[in-house]
Amino acid sequence: MSETILSANTTAKPAMSHAKRQGGMRNGLLTLGILAALAFSWGPAEMSRWTYLFTDSGNMADYAKDFLRPDFKTWQYYLEEMLVTVQIALWGTFLSVILSVPLGILSAHNMAPWWVNQPVRRLMDMFRAIHEVVFAVLFVVAVGLGPFAGVMALFIHTTGILAKLFSEAVEAIDPRPVEAIRTTGASRIQQVIFGVIPQVLPLWISFSLYRLESNIRSATVLGLIGAGGIGQILFETIRGFYYPQASAIIIIIVLTVTVMDLISQQLRKLVI
């Protein structure tokens, strides 16, 4: 008996050593690949200009000193526009969640055949690859300046992100509840409703809340190109060299994002 165990241990040790060597080789190649990519990107990214952060820091200080005197005289107007920004993000996220549920299920490998999930995945890839600013420009041309263009831009881009996250959650489910429901003669839709969604709903809610936080920040940027909200006011104040007013707007944006982050954290704790 002891000889059998000794023989097994003797056989296992070379296999373990070989696996360790393979793992070390893979890690080494991965590290070299990352370093090579960074070295290749050094020139195009103009990383050699990092010294300008120190040699020209005086220019930055001169530019920033006017931001140290925030002007809150019209704070009510700023808050109203900030509320518009939050509403843009809220509607963009809500619409994307509604569409991402069926698209996320259809793009999951364990829910749909390849000839369904692959076209859906490629469409979602396109939605993710195109920045929301590009979508906003297109919708500003189509529907004119204002918040609706921002809503539609966030809706399309966020759908691409959430559909991917939703599909990954679906692909990670325990298949046994679905199989148990299938044996009762349930339809495909019933299997999804009672076997899939209860397993993934907490993750879906968490992903949606996180995207709402991100979309508030994105909606601020979209205002810079005429999609409404506080970003549009911020752009106008900076372009007019009204830096104290711009500073006040930035403070309001930071406080709003912080509050929304805290609220989102508490909501995620309730559902996970």
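Backbone N, Cα and C atoms are what each Cβ position is placed from, and that goes for glycine too.
Taken from TrEMBL, the feature compositional bias 'Polar residues' covers 1-12.
Marked as domain 'ABC transmembrane type-1' by TrEMBL: 82-264.
Marked as region 'Disordered' by TrEMBL: 1-20.
The transmembrane segment annotation in TrEMBL covers 88-112 (among others).
Marked as transmembrane segment by TrEMBL: 133-156 (among others).
Annotation comment: TrEMBL describes 192-212 (among others) as transmembrane segment.
Annotation comment: TrEMBL describes 219-235 (among others) as transmembrane segment. Sequence-distant contacts of the transmembrane segment (219-235), counting only residues of its own chain at least 6 positions beyond either end whose CB sits under 8 Å from a CB of the stretch, comprise 77-78, 81-82, 84-86, 88-89, 92, 132-133, 136-137, 139-140, 145-150, 153-154, 246, 249-250, 252-253.
Annotation comment: TrEMBL describes 241-263 (among others) as transmembrane segment. A Cβ distance under 8 Å defines the sequence-distant neighbours of the transmembrane segment (241-263), meaning residues of its chain 6+ beyond its ends; these are 66-72, 74-75, 78-79, 82, 85-86, 212-213, 216-217, 220, 230, 233-234.
Long-range Cβ contacts of the transmembrane segment (192-212) within its own chain (Cβ-Cβ under 8 Å, at least 6 residues beyond either end) map to 89-90, 93, 96-97, 101, 105, 111, 158, 161-162, 165-166, 169-170, 173-174, 177-178, 180-182, 186, 260, 264, 267-268, 271-272.
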